[in-house]
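I have placed the structure first, in the form of structure tokens, so that the comments after it can refer back to it.
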Amino acid sequence: MAPVKKGILERLNAGEVVIGDGGFVFALEKRGYVKAGPWTPEATVQYPDAVRQLQREFLRARSNVMQTFTFYASDDKLENRGNNLKLTGAQINEAACDLAREVANEGDALVAGGVSQTPSYLSCKSETEVRAIFKKQLDVFVRKNVDFLIAEYFEHVEEAEWAVQVLKTSGKPVAASLCIGPKGDMHGVSPGECAVRLVKAGAQIVGVNCHFDPMTCVETVKLMKEGVEKAGLKAHYMVQPLAFHTPDCNRQGFIDLPEFPFALEPRILTRWDMHKYAREAYKAGIRFIGGCCGFEPYHIRALAEELAPERGIIPAGSEKHGMWGSGLEMHTKPWVRARARRDYWENLKPASGRPQCPSMSVPDSWGVTKGHADLMQQKEATSKEELEQLFDKSKTH
């Protein structure tokens, strides 16, 4: 029999560093298996080999967590804006659990079942209706016996609280991460207060994911930690940011950037940026460190390499990657061999190669959130007339 793996709380209670995986919807969209816009994970059923391969690459990069590819897999999201898939959330979530478990069993990784914000909440459906959506997803995770649960990508702490309370009924450990920055959630609730509310709802691990770059996310989790400690509560902390530089973002994060989602490549963090992020997160007392949109396996490998002294493990993916560019010692060109050193890559200021591009953008600040007419979700596809109204509105912002 295979040895029993330590659970997520056992690892964190022992002070171990847990490395998460990366951003599946963005990575698979680039590979041609996910549609931008809906961002739904039907690839678990339609293209399981693609999902499995990406999870294996994250495992090889030394991720400890195989998160089920269940982002936006609630039935109301699958039916949103005319996205008629003829697949149910249960079918997608079951396939995602099987894939994650298969890969997790190939290494020392845990399976985390994930739920995320719902169109029903944005459309002001009742608390009972929203909770029922989370319960339907939870039933699959319980049946598939995932190791722990994550309520992730919530813009409003109220909805995240509901999700945590539902997930807690399983008896499994629960993590909760909001897609917020230092300014707080979309209704102005501060990071510290958000964290306190999530801990009181039953989350043992709290933090942030997506919407902002690593250093912004680390700063936000610091504020959450301060709030929890000030309230006399205890929790573990997690951070799973974007792999994009976002110094010009406002409260809504990167989806307000004009480059979202098809022109973000100039903002991608280098592997050396990831070393800095991993170290800053560790110094802040965060022990669940991973990534979200934009993160590829080589980014996760960089986190694992930076924290190898603390973890006592070098990723298998480092077999073909010399630390700090040491493999360049074998290059044919002498000026490239001269780059085989840490101080070169740590101090490099990468150029964009785009002479007429600005260093930062002006976000689209429409200022709408839950309850606004523009955010009422629908099953019918967006009509041509509705699109024309949006095109006109975008010119005035």
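Any Cβ shown, glycine's included, is placed from N, Cα and C.
TrEMBL lists 6-307 with the feature domain 'Hcy-binding'.
The feature Zn(2+) binding site is assigned by TrEMBL to CYS210, CYS292, CYS293.
Across the region 'Disordered' (350-370), the DSSP tally of helix, strand and coil residues reads 0 helix, 0 strand, 21 coil. According to TrEMBL, the region 'Disordered' annotation covers 350-370.
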Compute the mean position of the Cβ atoms of CYS210, CYS292, CYS293, which form the recorded Zn(2+) site, and then list in sequence order the other residues of that chain whose Cβ is within 8 Å of it.
GLY23, PHE26, TYR153, CYS179, ASN209, HIS211, GLN240, PRO241, LEU242, GLY291, GLY294, PHE295
Taking every residue in the domain 'Hcy-binding' (6-307), what is their average pLDDT?
97
Name the residues of the same chain, 6+ apart in sequence, whose Cβ is under 8 Å from the Cβ of CYS210 (Zn(2+) binding site)?
GLY23, GLU152, TYR153, CYS179, GLN240, PRO241, LEU242, GLY253, CYS292, CYS293
Run through the Cβ atoms and count how many others sit within 10 Å of the one on CYS292 (Zn(2+) binding site).
29
